[in-house]
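If you check TrEMBL, you get these features:
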REGION    1-38  region 'Disordered'
COMPBIAS  14-31  compositional bias 'Low complexity'
TRANSMEM  64-82  transmembrane segment
TRANSMEM  94-111  transmembrane segment
DOMAIN    163-288  domain 'Palmitoyltransferase DHHC'
TRANSMEM  210-234  transmembrane segment
TRANSMEM  254-276  transmembrane segment
REGION    357-386  region 'Disordered'
COMPBIAS  358-374  compositional bias 'Low complexity'
COMPBIAS  375-386  compositional bias 'Polar residues'
Amino acid sequence: MKGRDYCVVPTVDPPGSASASPLSPSSPAAVPKKKMPQRKWEVHPGRNKFHCNGRIMMARQTGIFYFTVALIVVTCGLFFGFDCPYLAVNLTPAIPVIGIVLFVFTMSTLLRTSFSDPGVIPRATPDEAADIERQIEVPNGQPSPSYRPPPRQKEVVVNGQTIKLKYCFTCKIFRPPRASHCSICDNCVERFDHHCPWVGNCVGKRNYRYFYMFILSLALLCVFLFACVITHIIMRSQKANFLKAMQQSPASVLEAVVCFFSVWSILGLAGFHTYLTTSNQTTNEDIKGSWSSKRGRDNYNPYSQGGIVKNCFAVLCGPTTPSLLDRRGLVEPDPTPQQYTMQMNGTGVRLGNYGAIPTQTTTVQPPAQPQQETSDTSPNEEIPSS
């Protein structure tokens, strides 16, 4: 064995072995994880909650909404469990059918109102906000003592009536006619009616018809339940005294109390919104008296169609406008410097997607070489800025 040289050769463990270094390039821990793209509903600036990957849109304060659902479901459940069997046998089998139809229609319109976009207007991008600010900023730099900045209002004419468009400092936009900013959801809503905590959402252009049908069907359901419960108690009291009839069906007494204290406010609300629908007004406009004759003889509602039937068709049967929010769209990532520069018709303008402010690229000529008469670089060639 003499005369031979021996050396130790380092061995490399395979990537899948247990002794592989966790910091080796082939280790799975060293491979950077791919960032999942965000949906636009995840970065929505308003105070809303989203479910089912952005398909359901509600306000953040939904406690009263769940109370509304529980009150309707529990009351109707008691009715179907204790009153319907007796009335179907002793009165008519149509009672359960009518009750089920009213209950399903009421719940469907409630959920449609609560889970839909009421007509939220997207906020201005930084470019759009900067452009509006440039239009209303003080000209020539510093203002003079006698200079008054222009009001942040615009005027448009709708059917001969002058409408003022107010500037929203939160959304950085001039709100369209009949729109208003909801302080609870922190959004500008088209044809804003009001924010209803009972449905857990704003009521606006895209869900008002479902809200009105919910109020109307809930009023009919409440009157129907109250009438059936009273009929049930009276029919039982004919066979025994009144107190014994209530003891035999205590659930009917609870239903009667709930319906009695609810029916008056629901009927009043249904009547008020029927008046608004027939006159093509919103709750916000009616409270402010926007079209009241007290503001002047020439003040009138420019959105009225000229009749009760036409107004009802315009409010309840008109086409539903698509949502202005692309809730399930992907958020475009901020571009890298290499991806940021784009040549637009040879002008060399940097255009950023997703709200970047356009800037102008610089054109630089290389310095002349002292030993050569002409430069290797063409004078029209652009040097990309770093």
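Glycine is treated like the rest: Cβ placed from N, Cα and C.
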Please spell out the DSSP helix, strand and coil residue counts for the domain 'Palmitoyltransferase DHHC' (163-288).
75 helix, 20 strand, 31 coil
Local confidence of the prediction over the domain 'Palmitoyltransferase DHHC' (163-288), expressed as mean pLDDT:
93
